Amino acid sequence: MEAAPGTAAAAAKPAKSCKKYRMGKRHANIYTYQEPPHSNSDEDISEEKADSQDPEQVFQNIQYQKEVMSNIRCRPWPMRQKLRVLRQAKEIVLKYEGRLTRTRGYQAAGAELWRKFLRLAYNFVVLFIPWEMRIKKIESHFGSGVASYFIFLRWLFGINIVLTIMTGAFVVLPELLAGAPFGSTVSKTIRQEDLKTAQDLDTIWSLGGYLQYSVLFYGYYGSDRKIGKAGYRLPLAYFLVGMAVFAYSFIILLKKMAKNSRMSLASASDENYTFCWRLFCAWDYLIGNPEAAESKAAAIVNSIREAILEEQEKKKSKNLAVTISLRIIANILVLLSLTGSIYIIYFVVDRSQKLENNKRELTLWEKNEVSVVVSLITMIAPSAFELVAALEMYHPRTTLRFQLARVLVLYLGNLYSLIIALLDKVNSMSVTNSIYSIYQVSNNSTPSSATGTPAKEDTLSATISDAQMNSSESHAQSLPTAGSLVNNTASSNSAQNQCWETYVGQEMLKLSIIDMIFTVASILLIDFFRGLCVRYLSDCWCWDLESKFPEYGEFKIAENVLHLVYNQGMIWMGAFFSPCLPAFNVLKLIGLMYLRSWAVLTCNVPHQQVFRASRSNNFYLAMLLFMLFLCMLPTIFAIARYKPSLSCGPFSGQEKIYDIVSETIQNDFPAWFNSVIAYISSPVVVLPALLLLFMLIYYLQSIARSLKFTNNQLRMKIQAERTEDKKKVVQMAVGQNLVDIPDDQIMSDFTQNSEGTRFQSLDGSDKRPDKDGGLISQESSVRASTPRKNGSVLNFESPVSKGTRIQTISQTVPHAVPSTDVARPVNTTPTTSASLTPAPSVSSAQKPRNDHTTNRYPSVVHGSASELCKTKPYTPVTFKKRIGDVHSEPLFRKSIRQVNPDAFGAGAPVFVGRRPHATRYFIVNENEPRKKSARSTSRLQRQFRIEEPEDIVELYPCNVRRYVVQTPQCMYSPHPSEDEEDEEALGRHYVKRSHRPRSLSDLRPAPRFYIGDRADGHVLTSKVHYKSWDDGFELDLDRPPYAYKKVHLKNVEADQHYLEPQVKPKTKHMLEQSLTESDSVSIESSSDPQNSSNDQYIQVIHSKEKYLKPGTKLTKKKSNTNIELNMSEPNELVCSNV
């Protein structure tokens, strides 16, 4: 049976590195070409060999490729493979030979240095990421949910840094450097009455005095269109920077959300192999710090806890009616809380305005009651929401999102109620400014001491001080109105106090300061002092304070995240009226980072329900985007609705704040540009542009929906495939396929047609394996690891196809099988006869055919087809231990030279080169002489395969050239078992005796492993080193022959243990006789000698190489070069079931 010529390159072999290739070149005269296990082409190896940038390695690779090109004719490869390797070698030489020049070498060295510099620079920049190690430490102990808060805080810190640079560089610094100095104008001068209390704590706390007339607020900036020698347009810059703050915030938020969305779509789902990935792939082997290792271990434990909670939440059963009722009650309570908080804030703001109108001097509480009440509601309400959320019984992540949404609504309600009350105050101040402007006009037309007579119609009586005379007397002006009479009494110098933009900025900054104070107080009271009480009073208290009330504090993710959103909303809302508010927020966030991180690591404990946070944190960003939009609306409304103050600010004298843009275009730009801007801002252009934008948004949204749908379909497909793989693995693990197969079907599969390149599946259909990938695909499953009762077939398969496989399957045959059924002695001359074809089923029996088929090698028949077909069903083999721990030594491959065949007799192992590629089964009857060449049956089905043999060494008769075996160092167990001690004792007994090889007929049968590439070859079951006699091999006489290799089967224990027999030297003319007497000069049955005739084997041989030419005799096989041995991987040892 001859294999196809291309099958030699089909099976994948173990990959070798470039270094191993070069070592093989030095120690061998012919270079072997092997492919990596997962590659079917030679390009990967060539690129791997030639990709090195080292000139020395490039030179060695080029020399190697040139040697390959020169010796390509001598290699036993198919022509297609030779042409492919030759073409690739030429390409590599042409591509990399130019690198050996001096210029190319300098360029390569410079490029390598530049890459190293960039890598070092990147590592250096990473060191400057703020608070990275602190956040990693928190994440390792408290999980990704708590760490997401600090990551979000750091990101907000970066945004505020940019906002501070924008306002500072374009607004604050130009005003300080080129604007009017302090005290030069009315808006920058403190009244004489206020100088006495300007430095009092009460005044500073209310942001009055010197703070009011500083760059912190809007009123300090001058209204000059151009300042300094360069003519810097400060009013225009103030307006554009105010708008740029909102634009930049929108852009950076949307960009971050888009990036996170792409990352979440590109990332794999964590629902598959959750615990395996965390258990086996989570450790970072680059950790060299004990503290970092401890943090990483804590992080792995936390991630496993998160995964366990995820699985528990999926399986939790719920009562639908009770759950819906509780959720309705919880939402009603939340709505009542929100309504009450909004009413309280509006009530406090209205009361504060009345007190300001009625009382001349306000107390400290009356000045700050609005900010204090807002901060108290902000601190208390989230805890109430958390108690309500416990009724809903949502998943922890869903609970967090509901909690975030409710707290967000609370904060927005607080801010909007505050801003509405402030806008009412702004409206009244705008009315006062209008009255003051009317008074100025009328005062210019009449003497200052004149008193107007009120008319009979409704009049507006206003008492306004004369700012020009700086006196305390009041002048009554009668102004006709269509409404009611309003009396507004203003103190002296009221024009300076009626700057509503400064008032809004003061309220926002005051609210931020008080919020920071309450945050620090809550951390100290709720976390620190609470932790101290629990820690030191738990021993002397009536109950356990750690497990019951008050317990240690837990880090509330929803409350703290929304607090950051609320704080940033205040900054956006007041940034236009207080340019230094982002700078203050930077300092606040720095303090909050250190204080919160210290409190978490010192005072808090991890949440009882640790859960995984969202990987992208897009929910946080979506809330922040929503807050940005809602906080931008009041500012835009105030800019568009109210007239700017007349006596303060850069827009004084303008009808609207945004008029500064049109004024600048009219005065500072040419006329054609003004006309273009007017045309672009007309409805003729604006409306079509808006329609086009809407259509574009709809189109992009449609594409996004379709891509999202496709992504979900692909994700479901991947998940389905993984589920199928899991099912297959489970079925293979329990041996479901093998258990369900009846015995007669197994026998019919063992007796298929003997075509080497075809195999028949269980459904009867013939299938030809693929030339390249068939072997790998056929070997890719893992079978049952325990013996089955319907046949002693142990199936262990490696996922990678190996070059040579031998599998032995044992079964019990009846005692009445006559010895005449066994084949006759070997006839070394091929004859023309039909091959041994076993019957296709158990019921069909035929006579054994002892003749040879032409073009077939002489081999030994281990049994006949009739014996196989007449056997009883499989009987289980009793193992005392599993076949799991089979120790073997590393695989060493050396060149082998020819030695004298009679140097050590026939017992010495004989090795030949690679054998033909085919799958062959040999029926082995243990105590019967092997006389006839076996005929190959077809390849076994995948469910009947056994683990690949551990080591494969081929032994051949004396008429073939033989090579000497060098003994490796054996691996002994530090605690030998009783059987091993008996073997060692018997070994010491052998040392005292002569080391002359004995006849096999004098030895007791021993358990053997049938591993080999040919049926007529002798088999060694040990890992061996090969060394030629000329290289200095010396026989170790201190060890008995049986101890040259000791196979440690820790989990395999046969019914009886025997020593391996010594092999007696034979001459060439005694070959046939030795084969008859000693069962092919190798091994007898491994069971009891009395029942050894009942043991029958099917020896399965997979060989990768091509057949030799027809008619070639092994006795005339010459080897002019060193022969490469067919060795298997170290994980291919198979124990035969006896």
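Note: Cβ is positioned from N, Cα and C throughout, glycine not excepted.
Looking up N272, N487 in Swiss-Prot for N-linked glycosylation site, the annotated residue turns out to be N272. According to the topological domain annotation in Swiss-Prot, L201 and N427 sit on opposite sides of the membrane. Among the ranges 1-20, 101-120, 541-560, the one that Swiss-Prot lists as region 'Disordered' is 1-20. In this chain, the transmembrane segment (156-176) lies close to the transmembrane segment (234-254): three or more C-beta pairs between them fall below 8 angstroms, excluding pairs fewer than 6 positions apart. Long-range contacts of the topological domain 'Cytoplasmic' (224-233) within its own chain (CB-CB distance under 8 A, at least 6 residues past either end) are made by residues 174-175, 177-180, 664, 668. Counting Cβ pairs under 8 Å to the transmembrane segment (402-422), the top-ranked stretch among 203-223, 234-254, 509-529, 619-639, 677-697 is 619-639. Secondary structure of the topological domain 'Extracellular' (640-676) per DSSP (helix as H, G, I; strand as E, B; remaining residues coil): 18 helix, 0 strand, 19 coil. Sorting each residue of the topological domain 'Extracellular' (530-569) by its DSSP state yields 21 helix, 2 strand, 17 coil. Note: the stretches the transmembrane segment (570-590) and the transmembrane segment (234-254) are in contact (3+ CB pairs below 8 A, sequence gap of 6 or more). Against the transmembrane segment (234-254), the recorded stretches 370-390, 619-639, 677-697 differ in Cβ pairs under 8 Å, and the greatest number is found for 619-639.
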